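A.B. asks: What Swiss-Prot shows for this protein is this:
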type     : residues : note
MOD_RES  : SER2     : phosphoserine
MOD_RES  : SER2     : N-acetylserine
MOD_RES  : LYS21    : N6-acetyllysine
MOD_RES  : LYS41    : N6-acetyllysine
COMPBIAS : 57-68    : compositional bias 'Basic and acidic residues'
MOD_RES  : THR71    : phosphothreonine
COMPBIAS : 114-153  : compositional bias 'Basic and acidic residues'
MOD_RES  : SER155   : phosphoserine
MOD_RES  : SER169   : phosphoserine
COMPBIAS : 182-200  : compositional bias 'Basic and acidic residues'
MOD_RES  : SER222   : phosphoserine
DOMAIN   : 235-283  : domain 'G-patch'
MOD_RES  : THR237   : phosphothreonine
MOD_RES  : SER266   : phosphoserine
MOD_RES  : SER295   : phosphoserine
MOD_RES  : SER297   : phosphoserine
DOMAIN   : 310-389  : domain 'RRM'
Amino acid sequence: MSLYDDLGVETSDSKTEGWSKNFKLLQSQLQVKKAALTQAKSQRTKQSTVLAPVIDLKRGGSSDDRQIADTPPHVAAGLKDPVPSGFSAGEVLIPLADEYDPMFPNDYEKVVKRQREERQRQRELERQKEIEEREKRRKDRHEASGFSRRPDPDSDEDEDYERERRKRSMGGAAIAPPTSLVEKDKELPRDFPYEEDSRPRSQSSKAAIPPPVYEEPDRPRSPTGPSNSFLANMGGTVAHKIMQKYGFREGQGLGKHEQGLSTALSVEKTSKRGGKIIVGDATEKGEAQDASKKSDSNPLTEILKCPTKVVLLRNMVGAGEVDEDLEVETKEECEKYGKVGKCVIFEIPGAPDDEAVRIFLEFERVESAIKAVVDLNGRYFGGRVVKACFYNLDKFRVLDLAEQV
C-alpha cells in the first residue's frame, strides 16, 4: 500500500495533449525529410549516363570515408551526395591535378635559372654582333686589318713566292733539256761558232760558262750588267745554253743590232694566282730606288735620340678618311704598349696625302712611348707604311700640332 493510495488521481488527456502534438509534428517532419531524400536518391539512380566522380585517394580519402561510415545513414547519404547550388545535377566536380601545394616543391628555381641564362646568352650575342660590325667597318675602310708588318691577304702566297725566288737565285740543280734540243745539238756542224761555248766543260759543274772574249775593240757594246743576276733569272745552265744558241752573250742585247733584252724577264706577283711580267732592267731600277728611299728615311736610332711621352703617327690614313672610330681603335690598339692618357687626331689642310693626318698619342710613361715607336714605325696599316716619331710634350699640351717634323 502506497502513501498516496487514499488520494484520488485524476486521469485526463488534457495534460499530455501538448507533448503529443509536438511528437506528432516531429514525426511528420522526419517523414517529409525522408521522402525528399528517397526522391533525390531515385533521381540519381535514373541518371545512369553520368560518370562517377573522381576521388583523389592520396588526399586522405580513407579518413573521410571512415568519418562518413561512422555517421548515421541519413546523414551519411547527405554528405556523400551533395548537390551544389551553383552547378546542375549532371555536372561532376573533378579536382585539378596540378593544384598548388605550398608543402610540395616546384620548379621556381629552375625557371629563374633558365631565364637568367637566357638573358646572359642574349647579352653575349649582342656583344659579339657589335664586335663583328666593328671589324666589318674596319675592313671596309682599310684593305688590311689592324697593325701588321705586311698586309695580311696572300701572306702565305708571298712567302712561297719569296722561297721559290731564293731557290732560283741560289742556282740549284739544273733542269734537264728536252730531248729534241739535245738531238739538234748533236747534229750541229763543226764550223758552228758557238758550239764549243754551248757545251759544258764538266758534267758536275752547275755554274754558267763565262762568255767568250772577242778581240774587237771598236765593236759597240751595251753596258755590261751584273752577271749573277742574269744567271739567277735564267734559271741555271740550261736556259743559258738555249740563249747562247741564239747568239746571246752576257752584257749584250739580243738581235742583230743588239737592241734586244740584255737581262731576262721576271714576274712580279700581283694576286694569289696572278702576276705581271717586268723587264729586268726596270726591276733593278726599282730596287735601286727602294734602296735610296730607305737610305733617305731617318733611321730608328736617330728617332730614339730624343724620346718623349708623345708619339706622332703619320700616313695611317689619307686626307678626308678620318672617321669617328679611328680615334677609339687607335687608342685601344696602342694600350698594349702602356696606358694611353690622350689621343688627338689633327688634319693639316693643303698638306701632302701622307702628311695630312697626324695622330698624337700621349702615354703616361716614356718607356711605353719608346715601345710604341719601335713597334709601329714602318708597319702597314690599310696599305700604307706608318711613320712613327716623338713629338714635343710642351707643344702638344698647348695644341701646337702643325710643327714640321
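Residue 1 is the first one shown; counting continues down the chain.
Note that Cβ sites are derived from N, Cα and C of the backbone, with glycine treated the same way.
How about a rundown of where these features are and what they're close to?
C.D. replies: Annotation note: LYS21 (N6-acetyllysine) sits in a helical segment as assigned by DSSP.
In this structure, LYS41 (N6-acetyllysine) is part of a helix by DSSP.
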A.B. asks: Summarise the domain 'RRM' (310-389) by DSSP state, stating how many residues are helix, strand and coil.
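C.D. replies: Helix, strand, coil within the domain 'RRM' (310-389): 22 helix, 27 strand, 31 coil.
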A.B. asks: Could you tell me the C-alpha distance between LYS21 (N6-acetyllysine) and LYS41 (N6-acetyllysine) in angstrom, no decimals?
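C.D. replies: About 30 Å separates the two Cα atoms.
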A.B. asks: How many other Cβ atoms sit within 10 Å of the Cβ of LYS41 (N6-acetyllysine)?
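C.D. replies: Around the Cβ of LYS41 (N6-acetyllysine), 12 other Cβ atoms lie within 10 Å.
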